[in-house]
């Protein structure tokens, strides 16, 4: 009796449209795209369909500005990717796949101070409210992603600015809040969850 060869996960892919509700011109991505205007010919992205994998979208070219996690599914307009974020962004201009998301084996350690100093707490599950689980501060000074990929949020309930934190970026070591993302002006993180791949 022979068995089928083991198959890895399907390659990451998503389709972008320049109008809401999957209308207008479209472009399909299978890898990083630093500027959708140059590579895909779209001036803006107003709706997204993620076929495989998880992606990080950025509001500006060259992976700059606010980050938005895009997991498998449909995003017919900006409110679908912004969620309950206090930040309105109706444009996405650069994209990259999240390559290290493994929901079953994700681990991150939060530190109160910069450079992995002070009180610490290790997580391997989703936390809609870090203060409710005993994290005394509204800020996280630094963190280490041991495995997987995480999305941290500015406020409880997975609201506010999003920061995608991966083992494969910065070797999983984020020494201070400015390394969380280009839009990080504070270390305020109050909820965190594993990226769904």
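In case you wondered, yes, glycine gets a Cβ from its N, Cα and C as well.
Given the structure is predicted, the values throughout are model-derived calculations rather than measurements.
Annotation comment: Swiss-Prot describes 1-11 as region 'N-terminal arm'.
According to Swiss-Prot, the feature domain 'Beta/gamma crystallin 'Greek key' 1' maps to 12-52, an assignment based on sequence analysis. For the domain 'Beta/gamma crystallin 'Greek key' 1' (12-52), the model gives a mean pLDDT of 94.
What Swiss-Prot records for 53-99 is domain 'Beta/gamma crystallin 'Greek key' 2', and it gives sequence analysis as the kind of evidence.
Annotated region 'Connecting peptide' per Swiss-Prot: 100-105, in sequence order.
Sorting each residue of the domain 'Beta/gamma crystallin 'Greek key' 3' (106-147) by its DSSP state yields 6 helix, 22 strand, 14 coil. The domain 'Beta/gamma crystallin 'Greek key' 3' annotation in Swiss-Prot covers 106-147.
Annotated domain 'Beta/gamma crystallin 'Greek key' 4' per Swiss-Prot: 148-196, in sequence order, evidence recorded as sequence analysis. Assigned with DSSP, the residues of the domain 'Beta/gamma crystallin 'Greek key' 4' (148-196) fall into helix, strand and coil as follows: 6 helix, 22 strand, 21 coil.
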